Every structure is written in structure tokens, then in C-alpha cells.
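K.L.:
Sharing the features that TrEMBL gives for it:
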DOMAIN    10-460  domain 'Major facilitator superfamily (MFS) profile'
TRANSMEM  6-24  transmembrane segment
TRANSMEM  115-136  transmembrane segment
TRANSMEM  142-163  transmembrane segment
TRANSMEM  204-224  transmembrane segment
TRANSMEM  268-284  transmembrane segment
TRANSMEM  304-326  transmembrane segment
TRANSMEM  347-380  transmembrane segment
TRANSMEM  400-425  transmembrane segment
TRANSMEM  437-458  transmembrane segment
Amino acid sequence: MKKVPYRFWIAVMIFFGAYVNYALRANVPVSIVAMTRQRKKMEHIPECLRLPSYASLEENATDAEAVFPDLPDYGPRFEWSELIIGYALSSYYWGYITGCLPSGPVAEWVGTSNIIFWFTLGSAALNALCVPAAHFHYMAFIVTRFLIGLLGTFIYPSFQILIAHWSPPLERCKFTSALMGNALSSIINWPLISFVTETFGWDWGFYIVSFQIVLYCVFFWFICSDRPDLNRFISQEEVDYIRRSQMGHVSDIRLHAPIRRILRSRPFWILNFGHMGSMYGLYIQINSIPKYMSEVIGYNLSGASGALCMVPHLVRVIVAISTGFLTDNLIKKGRATKEHMRRILTLFSHIIPGVMIMSFSIICCNIVGVIFVLIGLGINGTCIATNMVNAQDLSPNFSGTVFAIISFFGGITGLVVPILQGFFIRNHNGLKEWGNYFYTGSIFYLFSGVIFILFGSFDEQSWNLPRH
């Protein structure tokens, strides 16, 4: 039986690293419902339920007569206003955006293993401290979440650097698909945190996430290293194979990122635009579609039908891993070029999901159509072979810096999405308003994909190996 190469376990650690770090984003939106007292809201009957032809949604539908009954007692409740809750939910992302720009160069210079281990472990400690912080004062909770986001911003650029040093060029898509551990985190941790909260109280929703992170860090400490030649478990044969395949592309010495040359590079800005489009669509999927299904279509997301919102995440994981293996194998066997695969797969990572988002303005209350659209959105998992891996194409040496910068701009779209959503439905929360919102979002998504297909570069740039 063929021996599993050691670099496979590095990819596994990247996968679960993305999993545990994304859990830090997923826990608060679930836990905060049990942490705060719900205020009675004006009754809102979803528009689809007011249409006679859709009155048969029955048990899956939101009860039009119910007015948000109090939840059972899951622990102490805080009298936080909607504004404070909004700050508590967004504080992670403010911390994330704050640290984006320096995160790549710092990770490249300090070393990825130290960054990933200590910053992830620090996030676990801060996440557990969220419980006493919330009891102390809401500002303490907000600051703690901000710090978790600040530490989290260093993780993904570090993963990119780890991929650059551990993956042979013909295995980069396989390695990059490991970043989709974040989608699996949504599938597992949302119901897990809900179960733990209902069983033991909301504070255990934080503790279960921290426990997973600490467990991950134990394995990471023994398995991972910055480079293959620094690892004590890998065979010399595999080290030689990786180094030969990377020769002339990846440097063993630490280099200062040529920031000015990167910022003057047209391929970098094309990548940035393509990444912003992909992230914009993802934030619509995460933030807007559950609200649309609940408040317009009338589906009760706390019931079994809430599983519908997990469909894109599940499809995304499956598509990403399949795409990674398929792409690398086709290129390795000479059946397709890297450039052709990147451009073709952008149709699936940007164009088809963009059309799917636009479809929400057409299908209206047709729940079968909604299911097909949700599956279509999951096809965005092919982004691991387009905008997610393009930093490796342009510059494996500075993939951390490149990814950090595009993450900054991608993070901004996460702030823009809820603002635009609020703008479109500010006067009326109905099909027409949501249709206009989805239509506008899809235009940007589609346009970014077209630009990436037509003008994107998939060749190593001259600034990857700066002259000394």
C-alpha cells in the first residue's frame, strides 16, 4: 500500500485550523440570542405567507400569530440594546480588518508555525474570557471580541505561506481546498453550540469552541513546522521532492515583501477585485439569505427547515475538495493548462453563483427554486482554484502578504453588505425590495468574475524573487 506523504497531514492541519478559527465567528451569533433578553417586536407576517397560493407552507412557516416568545432560561440574561448587540456581533470583524494589512509581512518574517499556534491558542483563551467579560460589562465583551478578530487576521495569511512552503506547484489546489474547513465549521458548530447552550447554558457555547481550539493546538504543535526541512517526522526523500519541485520559485530565506511593487502590479489588483466579488457573494449568502428566507418567504430557521441554510456550506466543502483534486490532476497529466483551468473555473466560482443570487429576484416564493439556488451558491467552492489560489500563482514567496491585502478589501465588503441590505429594505421588507438588493449584489459578483476571466494573470510575477 502506498505510504501517505507527510505533507498530507499538513493539509489536514490547515483544514482543521480553518475549522476552529471560523468557529470563533460562528459562536457569538448563536450564543447572543440566549445571552440577551428578547424585546417584543412588532408583528411581521412574511410577504409570501400573505399570498393565498403559498398558504400551504404550513409547519415550516413562521407562525404569523406568534410574537417572539421568551426563550427558556439558558443562564443570566443581559439588558443589551439592539445597538449594543450589533456592536458585539461586528466587533470581531473590526478587529479582523484592523490587523489585515500588517498580518502578511509579519507572518512571513516571524514564521507561520509560531503565528498559527500562539495566536490560535490566544484566541481560545480570549474566547473563554468572553463569559466573565460579558458579566463584567458589555464593553469588556466587545473589546475581547475585537482582540479575537485581531489575532484571527494573522491566521489565513499564515496558511497561505504554509501552503507555499509545503505544496509542490502541481498540488497547490489540493492544499488550498483545505481552507474550506471554515465551511464545515458552519455546518457542525452552529447546531453543536445550539445543543450545548440548550443543555448546559450559553456559557458552554463559548467553552466548547475553546476546547476544540486547544485540542487542535496540541496536534498542531507536534505535526507542523514552517518548512519541510525543519520537520523531524518527514522523510528526507519527501523533503528533496518538495524542494526540487519548488526550485526557483520558493525561497528558503526570509525576504522583505516588496510592497510597492505589489501595489503597482496589475495582476494583483485584478486578483483583489475578483476576491472582493467572491467575498461579497459569500457575505450575502451568510448574512442576507437566512434573513430573506425567514422574513420574506416565511421559513422558520430555528426548525428543521433551518438546515436549508446549511446546504450551500455543505456543497461548498464537497465542491472545493473535488475541484482541488480534479484541477491538479488535469494539469499534472497535461490535459489542461493552469491558465485554462483558472479561467474556466471562474465561471463556476463567480458567474454561476452571481446568476443564482440574481435568481432570488425572480423565483420569489417558490421554495423548490430556492433550494436549487442554494445548491448553486455552493458551487462557489471552486473559488479555491481561482481567486483563493491565485496568490500562490503570482508569488508563492509573498502569498501571505498578497492574501493579507486582499483580505482587507474582502473584509470591507463584509461591512458593506449589511449596510446595503438595510438601505434597500429600510421602508418595506418585501419581495420587490429584496429583489432589487439581490440584483444589485449579483451585478458586482458577475462583473468581478468577468474581469478576472478576461484580465487575470496566473503566472509568477517578477517581484516574487526580488534582487538583493
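Quick reminder: no glycine exception, Cβ is built from N, Cα and C everywhere.
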K.L.:
Hey, which bits of the same chain come close to the transmembrane segment (400-425), Cβ under 8 Å, at least six residues off its ends?
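P.N.:
For the transmembrane segment (400-425), the sequence-distant neighbours (Cβ-Cβ under 8 Å, at least 6 residues beyond its ends) are 90, 93, 96-97, 100-105, 107-108, 112, 153, 156-158, 160-161, 164, 257, 259, 262, 268, 271-272, 275-276, 278-280, 283-284, 287-288, 291, 387, 391, 394, 433-434, 436-437, 440-441.
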K.L.:
Against the transmembrane segment (142-163), which of these stretches has the most C-beta pairs under 8 Å: 115-136, 204-224, 347-380, 437-458?
P.N.:
115-136
K.L.:
With the transmembrane segment (304-326) as the reference, find which of 6-24, 115-136, 268-284, 347-380 contributes the most Cβ pairs under 8 Å.
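P.N.:
Ranked by Cβ pairs under 8 Å, first place goes to 347-380.
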K.L.:
Sort out the residues at least 6 away from either end of the transmembrane segment (6-24), same chain, that have Cβ-Cβ distances under 8 Å to it, and list them.
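P.N.:
Residues packing against the transmembrane segment (6-24) from afar: 92, 116, 120, 123, 127, 148, 152, 155-156, 159, 162-163, 166-167, 171, 174-175, 178-182, 184-186, 188-189, 209, 212-213, 216, 219-220, 223-224, 228, 231, 233-235, 238, 242.
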K.L.:
Summarise the model confidence on the domain 'Major facilitator superfamily (MFS) profile' (10-460) as a single mean pLDDT, whole number.
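P.N.:
Over the domain 'Major facilitator superfamily (MFS) profile' (10-460), the predicted model scores a mean pLDDT of 87.
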